[in-house]
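S.K.: Provided herewith is a single structure, encoded as structure tokens, for subsequent inquiry.
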Amino acid sequence: MTRLPILLLLISLVYATPFPQTSKKIGDDATLSCNRNNTNDYVVMSAWYKEPNSIILLAAKSDVLYFDNYTKDKISYDSPYDDLVTTITIKSLTARDAGTYVCAFFMTSTTNDTDKVDYEEYSTELIVNTDSESTIDIILSGSTHSPETSSEKPEDIDNFNCSSVFEIATPEPITDNVEDHTDTVTYTSDSINTVSASSGESTTDETPEPITDKEEDHTVTDTVSYTTVSTSSGIVTTKSTTDDADLYDTYNDNDTVPPTTVGGSTTSISNYKTKDFVEIFGITALIILSAVAIFCITYYIYNKRSRKYKTENKV
């Protein structure tokens, strides 16, 4: 009576043993293999199928026969000449490839001339993970992820004011002390002088006096004058810029000639110089010489052909 409980315990341990598991990620390749225990008998055929009722392949040496829409492009048989191991590789894993795969060996005895066939099968569970890291990689690396813990009580967290963490600092207004320093620059408006050559009238637009701001006992003055002369050939505008240094030198120079006023005079400006006329004459002469050369060459060719034609007619 004591043997029965022990036998039941052994049977329960055998059937309670989990299958070997292989965990892979989607898109990877999974290699499954089985080793047979009976190494004395002769292997007639090996087979692979997927539970519950899906036959994958039957293999006898290098001859492989696929079933249930499986192909060698999806599942390859990798041990055609090995009698001890049968191996397959499932390529480009998808979620549908997960499940329990069973390998089977069909063997006959090499010593007896009987037709008895022995049978061995082994199961392997394939897990296809959708995460970026597979379970087997986590186990092999030995890394564990523990959740973060907090020593604060829930009521402390509820009463905690989040606004105390993020304080918005209001910047102080930026004031500029006007009394301490003042940066100013004095500008003098342009003085535009327009002289009409045809009518002989001269008009001058004068601007208000410059505004001077004292800071370091110096004044920066830039004077820009424009003079527009209207002539029969067009309008000529000249620009002259005078700074403080030039004014100072002009004031101290005894040889400075005061400006003169133009009135009632007609100004004629020539845009062409002697050099320009020489270039135009040279280009014209070159064109004429080229035309004469072309004419001479044409006349010579025509005259030569005419003589040749006359000679042929005489003959």
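One-based numbering along the chain as shown.
Cβ atoms here come from the backbone N, Cα and C positions, even for glycine.
For 1-16, the entry in Swiss-Prot reads signal peptide. The topological domain 'Virion surface' feature in Swiss-Prot is assigned to 17-279; the stated evidence is sequence analysis. Feature annotation from Swiss-Prot assigns domain 'Ig-like V-type' to 17-121. Marked as disulfide bond by Swiss-Prot on the basis of sequence analysis: CYS34-CYS103. Residues or ranges marked as N-linked glycosylation site in Swiss-Prot: ASN37, ASN69, ASN112, ASN161, ASN254. Per Swiss-Prot, region 'Disordered' is recorded for 193-213. Residues or ranges marked as compositional bias 'Polar residues' by Swiss-Prot: 193-202. Annotation source Swiss-Prot lists transmembrane segment at 280-303. According to Swiss-Prot, the feature topological domain 'Intravirion' maps to 304-315, an assignment based on sequence analysis.
Set these features in their place in the structure for me.
M.R.: Per-residue pLDDT, averaged over the domain 'Ig-like V-type' (17-121), rounds to 88.
In three-state terms derived from DSSP, CYS34 (disulfide bond) belongs to an extended strand segment. Cβ neighbours of CYS34 (disulfide bond) (same chain, under 8 Å, six or more residues apart in sequence): VAL85, THR86, THR87, CYS103, PHE105, TYR122, THR124.
In sequence order, GLU120 are the residues near ASN37 (N-linked glycosylation site), counting only same-chain partners six or more apart with C-beta under 8 A.
Under the three-state DSSP scheme, ASN69 (N-linked glycosylation site) falls in the coil class. Long-range neighbours of ASN69 (N-linked glycosylation site) (same chain, six or more residues apart, CB within less than 8 Å of its CB): none.
Within 10 Å of the C-beta of ASN112 (N-linked glycosylation site) there are 9 other C-beta atoms, taking all protein chains into account.
Away from its own ends, the topological domain 'Intravirion' (304-315) comes close to no residue of its chain (no Cβ-Cβ distance under 8 Å at least six residues beyond either end).
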S.K.: Among all protein chains shown, how many Cβ atoms are found within 10 Å of the Cβ of CYS103 (disulfide bond), not counting that one?
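M.R.: Around the Cβ of CYS103 (disulfide bond), 23 other Cβ atoms lie within 10 Å.
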S.K.: What is the number of residues in the topological domain 'Intravirion' (304-315) that are helix, strand and coil, as DSSP sees it?
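M.R.: Secondary-structure breakdown of the topological domain 'Intravirion' (304-315): 11 helix, 0 strand, 1 coil.
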S.K.: In terms of DSSP three-state secondary structure, what is the assignment for CYS103 (disulfide bond)?
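M.R.: Note: CYS103 (disulfide bond) is in a strand by DSSP.
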